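> Once you've had a glance at the structure underneath, I'll fire off some questions.
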Amino acid sequence: MNISETETPVEAVSTEPQPVAAAPEVDPNEKLDERALQDRMPDWFKTSPTFVWLTLSVGVVFTYINYCRLWHTDLWGHLSYGRLIAETGGIPSTEPLMPLSRGVEMIDTAWLSQLFAYFAFERFGIDVLPALAGISIAACVALLEYRLYRQTKSLFFALLAAAIFIWTDYRQIFAGTGLLGLFSPVIIRPQMIGLLCFIFTLVIITGRKGLWQWIAIPVLFAFWANTHGSFVMGLGLLGSFAIGQACDVLRRTDRFDLAFKGREFWRLVMLTEVAAAAALLNPYGLRLYAEVLSFGGNSNLEDLIEWRPLTLQMGQGQAAAAVAFLLVVLYRATPRRIRTVEAFLLFGLGGLSLWTSRFLIWWGPIAAYYAALHGHAVWKKYQHSQQRKRKETGPKVIASPTPRRSLWTVVAIGVVWICFALTPIGSTILHGQDPVLPDEMVGAPQEEIDAWLAAERDRHFRRMVSTSTPVAATRHLVNQPPVGQVFNRYEWGDYLLWAGPPELKVFSASHVHLIPEGVWEDQVLISRLRTQWEEVLERYGVNTVVLDNTRDRVMIQFLQDSEDWQETYRDNQATVLRRREPIE
């Protein structure tokens with residue numbers, strides 16, 4: 001090939017510089033449209049404004065509970081058992097804390113939650129206790145809202161379910177009255193974890209079917225059986241869905257043989273069996289079932305208000321009646337098919353709640369779930385009827401869903417962080433447990449600094465606990481340990497066990513099912529000043545009494561007038577009296 005034919009003549013190549021295209025002018029005053037920016041975050045990170053509102057509602061519940069005081073019953077007793085388990089490295093087989101109950105067999109159905117709460121308290125201090133309660137109840141709210149929003153796609157009805165749940169179970173979670181019940185002391189007990197597991201079971205069984213259910217159910221029940229004895233309520237929930245499925249088939253086909261042949265029925269039965277087997281993964285095996293099922297038959301419980309029948313005279317009875325009336329109205333108007341399991345759960349748990357108000361805590365989430373579900377169905381029916389009345393002939397306009405964006409996820413994370421940072425536990429984790437020294441204490445002797453820190457910790461502790469907690473009276477007993485048996489109100493027994501002097505011989509505490517029946521009858525006899533109550537005190541060798549100034553004022557006055565007793569301590573809350581000549 002001739003090279004000259006392929007070469008470009010030198011003259012054909014221009015050596016002059018080419019003009020550069022001018023860049024478009026940018027107005028510095030023009031604002032960028034953020035919607036024109038491309039969201040490069042992965043889809044799983046993107047959420048909608050609804051997610052922000054749901055997150056905010058959960059955060060408000062968590063923050064609210066963190067600012068509630070701690071009720072004095074149950075909590076300190078469970079912490080005392082957790083401390084004992086941690087110190088001994090084992091679960092006690094008999095009642096170890098109340099001397100008058102020594103030898104009574106103890107099946108500790110909440111050993112894991114007690115141990116966890118104790119370790120958390122040792123690590124983070126008292127601020128962690130309302131935080132644990134806040135996490136439990138906020139998680140219950142989150143699960144209910146998640147399930148309702150997934151089924152209705154309605155923010156309002158998801159929030160309504162949470163509101164009905166809190167309204168119904170408020171007196172099961174909080175104590176006292178307060179202003180409209182606001183900021184009442186929170187009752188912290190392992191039952192909170194049981195409630196969370198119960199709602200989680202409801203979410204699992206009403207969710208989409210799949211392998212995940214066969215993994216989640218046994219793991220959940222193995223955990224539940226070691227944290228609270230209410231796992232049997234979860235088994236009842238699963239069993240109700242199984243029997244309800246069979247009844248639904250029977251209603252549709254009128255054939256009894258087909259009712260128990262369906263694939264869905266046997267799937268639910270097997271899930272129940274798997275859950276029951278997983279619950280056996282506990283230190284007691286089958287004995288745990290026997291303990292839980294016989295617990296309600298303990299005669300000592302009859303004297304406790306929370307185990308009495310539910311009546312309209314109770315605030316929680318009035319709340320339950322209002323929700324029940326709402327359910328009647330919604331079920332009368334709903335276009336949604338009513339499943340048999342709904343009747344089983346609402347009437348079954350409702351009947352148990354009438355028998356003893358303690359069961360209302362399980363009826364609450366069920367009532368909230370079905371009220372919101374059928375409320376949404378009634379609302380959709382109303383919307384359709386309004387459209388027909390207007391006789392709209394034009395094309396139906398369907399509102400496009402709000403686009404999911406990572407911005408809303410960032411906002412939700414910010415909400416979580418703000419709610420956490422505003423709480424006492426947030427301040428403890430971020431800034432430490434010790435208060436900040438004031439300027440006038442800087443450079444002071446270490447003894448003065450230690451005294452100031454101790455006083456500040458004491459003030460903070462008193463702000464965290466309920467005003468009914470016998471803090472000062474217990475400190476008096478620590479400074480002047482009593483000799484022999486002590487008589488106390490059973491409600492104060494838990495805190496006396498936790499903060500009192502070592503080897504303090506309390507008469508009773510809130511775990512009344514572990515108290516021998518005769519001892520409990522004598523506890524009630526003395527508290528109510530029945531015949532021969534003084535002789536009963538002497539028979540038990542009681543040398544010290546710790547009494548409530550309000551509820552025990554008659555006994556206090558009687559002992560003050562007696563020559564055998566002397567008052568050694570008194571404040572606005574409690575009075576301590578001791579025998580002048582102790583019984584050996």
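Backbone N, Cα and C atoms are what each Cβ position is placed from, and that goes for glycine too.
The feature region 'Disordered' is assigned by TrEMBL to 1-29. According to TrEMBL, the transmembrane segment annotation covers 50-67, 128-149, 155-174, 186-205, 211-244, 310-331, 338-355, 406-425.
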> If you count every Cβ pair below 8 Å, which range out of 50-67, 155-174, 211-244, 310-331, 406-425 shares the most with the transmembrane segment (128-149)?
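Result: 50-67.
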> I'm a bit unsure how to read this: which one of 211-244, 310-331, 338-355, 406-425 has the highest number of Cβ pairs shorter than 8 Å with the transmembrane segment (155-174)?
310-331
> Any chance the transmembrane segment (211-244) and the transmembrane segment (50-67) are in contact, meaning at least three CB pairs closer than 8 A with a sequence separation of 6+?
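Per Cβ check, the transmembrane segment (211-244) does not touch the transmembrane segment (50-67).
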